[in-house]
Amino acid sequence: MATLLGPLARLSRRHAGLVVLAWIAVAAVANVLVPQLERVVEARSPSFMPTDAPSVIAADRSAALFDAPSSNNLVYVVLERRDPLQPADRRYYDALVTELRSDTEHVQAVTDLWSAPLSADAVQSKDRRAVNLMVRLTGLLGTAQASASVSAIREAAAELGPPAGLRVYVTGPGATLADEFAAVDRQMLLITAATVVVITLLLLVVYRSLVAIAIPLMAVGLTLAVAKAVVAALGNHGVLEVSLFTVALIAAMILGAGVDYAIFLIGRYHEGRRQGIEHEAALIASYRAVSPVIVASALTIAAGLSCLGLAQISMFRSIGLPCAIGILIVALAALTLTPALIQIAGRRGLLEPKRAVIARRWRRVGIMLARWPGPLFVVSAGLIIALTVPLIGMQVNWNEPAATPDDAESNLGYAAMDRHFPPNQLLPNVVTVEADHDLRNPAGLIAIERVTRQIMAIPGVRMVQSASRPAGTVPAEANLTYQAGMIGDQLNDAINSLTNRLNGVAGDLDAALAQVGAAVDQMGGAMAGGADGMREIGSAADGMRAGVDGLRDNLTVVSGYLDPLRNFKNGIPDCAVNPICSLVAKVVDPVDSLVRSSTDLSAGTVRLTAGSSTVTSALAAVPQTLQQMRGTLDQVQEATRGLRGAIGAISPQMRQLTDYLNEIDLNFEGSAAGGFYMPNRALEDPRFREALKALVSPDGHAALLLVFSRGQEWGVDGAHHAAQIQAAIDEATKEGTLTPLSVQQVGVGPTTHDLQALLRDDVILLAVVTVVLIFLIVAVMLRSPVAAVVVVGTVIVSYGSTLGVSVLIWQHVLGQPLHWIVAPIAFIALVAVGTDYNLLLAIRIREEAWAGINTGLIRAFAGTGGVVTTAGIIFGITMFAMLGSTVQSIAQMGSTIGIGLLLDTLIIRTVLMPSIVALLGRWFWWPNRVTAPRTGWSFRRKLATTQPPT
């Protein structure tokens, strides 16, 4: 490796000044010609979710069904006042709706439910002090366009000038991510500056020399300038994905790794100078010994970070490749710029080492490890295992608002909503059900209500807004029991009128029959009077027939009113065992029986009228037919008695029916169990038609349902509800007229559900690929699979203990579970960065092993203990600087990686791994035998005294 890097070594020594000037020139030109990385991120930040995620596809399809552009960028404008909202607030709201709808560049759709009477209560608080407006903005979540859209509507709301006392907030999922990314952007420059100050102070403590401090700081400064310019150029041309997390991590990684590599070189150079080796020879020996470690370290870190490019989650991809490129540029600077700076300073005697006391202390640590590797292994392994115990109760935080600063406008908006509305009022699961027919009819609305009821049965769901429930509850007009009460009132009025009329007709009929009977008995001298009597009977019979026909017609009309109930009853397979259906049957069946009876009664009056006409004709034409007429009269009198019985039976039955209908309405008032039916005449109601515009697609082939839940919608609850909603829709549409062509779910819950699935797949892939790739690199560098297993294995164990400590601090002490991004990024960073510390120690042990494994271990500790510990502490504190961020995910990520680096530096590299090396002995290097390499100090001392510098 040193031979391959020879040209770079000679270049940095012989032309040190030109090398430094070249780096300065490249950094200056690149930053002039290329836009700053932060500005590139603003313009080209990728979507939060991959475009093929189910929730993103659902947003596309849902938007297409409602003739709207595709976007998953939902926000809410919240209006809040300490007192009830005033007319001026309503005018401001209307003006804001108009303004937003006119901004087609940033706004795709405005869902104005406050203006529709049937749905107004769903968006206005019960205390009348707050209202919200849902707005769909352009740009996918996380993109620069999405953030620009959020900023645009905030500016629009402010420019309209809210009335005095009215507070206006733009909040919701889109605003949350925009505020989170904006906070990262604002704070990263301060965090980077603080990191540089901390590194400077630590280097001052270690080296006690301004020149020694200046070399690593100048190297990492130029490296950071060049690396950010390269990444910005690639990102600006679409070669790489970049995000604000790129800005956050690339600075920390470059500062940490760059200072580490400089410390490695300076530390080995100082070691040579303390051994009395001349400047040139010490630099050559340092370069030969450290350059393979730098190359191996950079390859392991870059390989681990590059694996993030295989992830489906864009945030991982935007961290991986840019940071990998940054690390490779750091390695190039460490192999050219840093040696050139050492050459310039060392040639002038400005980089002489101070008196070393720490080496003797580390030598004693090496002696302890060589003498008692077993006990030290047990103690260190026991400690590491104990630190992993908190992982048993580890929780993952999916709550993005909690990761955003408390004073962000989106969080202030959530707080305002919580003061006036039930939980998660701004975080509905937006469900779109697509059908193959128009749903704007009674049957379609019944199907939508069946789906709504099935979703409402899910534990944790508190309200569903749909076409059948525009305000979250079934309208009174669509409740079967309410309709039954109205029918009862109409029947009661009709019965009173019909009973009075029928009683009058029956009385007239009795009088006419009595008169005819008397006339027949006196037939001998009053034939003409009998004929007149029969004509009177016929007239009375005609009146009775008209009354009965009116009764039948009225009953037929009433029966028509019961068609919704009758259709509901006929649609239930087991009506007798269904409590609602059985009640409806008790209403419908008697009315049907009355209709049949009225038809029979009408037929009787027809016969009566015909009979009276027959008697009259017989009396006038044939006096001898008196006996026949008497028989006919007897039939008429019998029909009259039957009519009286029917009238007497109908009246109490009808009274009982109307009382029962009114009782049903009273008992089920305000209940969701009253049955659902929206008659056609209700569909023509302008209020309902206005509500349908927001909840049914323009062609009627898709229905929108807003599902509001309890619990943590940003988290496991929301993801679980998304799966349950799909199952509920499948169950509700097993039968009936609605067979969904597709079901789309958009919102925080579905997005979290997709994110969990993507993260699970990404973590498995990244863990396997990263470990295998780094193992292969280490195995090649150490030429031993056993050594590679130990080096990589101890780092993985270190990661487990690190995560345990982080969970203990953040979750159990501070009450804030780790953000979902922390564990995967920490794994990549710790496995990659931690490996190079162990690798440096292993290479040094192999270098000194010519005198024996234990002796080599002692010498390796004496030579690298202080250097690696300093490097690890500085890298760890560099990551700890991210604790200054108010964005929770950034703070947790920095602290977790920092803890891991310290654990790896102070326990894994110091005790656990070397004790394993001592226990395994020569088997650690299997299948090779360890021999003295050409980089041992004895060889270099001989080289320095026998050859002139080259």
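We count from 1, first residue shown onward.
Just so you know, glycine gets a Cβ as well, placed from its N, Cα and C.
The structure displayed is predicted, hence computed values, not measured ones.
Pulled from TrEMBL:
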DOMAIN    48-375  domain 'Membrane transport protein MMPL'
TRANSMEM  188-207  transmembrane segment
TRANSMEM  214-236  transmembrane segment
TRANSMEM  242-266  transmembrane segment
TRANSMEM  287-313  transmembrane segment
TRANSMEM  319-344  transmembrane segment
TRANSMEM  365-392  transmembrane segment
DOMAIN    617-948  domain 'Membrane transport protein MMPL'
TRANSMEM  763-782  transmembrane segment
TRANSMEM  789-812  transmembrane segment
TRANSMEM  818-840  transmembrane segment
TRANSMEM  861-886  transmembrane segment
TRANSMEM  906-925  transmembrane segment
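Within the same chain, residues 365-366, 369-370, 373-374, 376-377, 379-381, 383-384, 782-784, 786-787, 790-791, 794-795, 797-798, 834, 837-838, 841-842, 845-846, 849, 853-854, 857, 861, 865, 868-869, 872 sit at least 6 positions outside the transmembrane segment (906-925) and bring their C-beta atoms closer than 8 Å to a C-beta of that stretch.
Comparing 214-236, 763-782, 818-840 for CB pairs under 8 angstroms to the transmembrane segment (789-812), the maximum falls on 818-840. Averaged across the domain 'Membrane transport protein MMPL' (48-375), the predicted model reaches a pLDDT of 87. For the transmembrane segment (861-886), same-chain residues at least 6 beyond its ends with a Cβ under 8 Å from one of its own Cβ atoms are 183-184, 187-188, 190-192, 194-195, 198-199, 202-203, 206, 248, 252, 255-257, 259-260, 263-264, 267-268, 271, 356, 358-363, 365-366, 369, 405, 833, 837, 840-841, 844, 848, 893-895, 897-902, 904-906, 909-910, 914.
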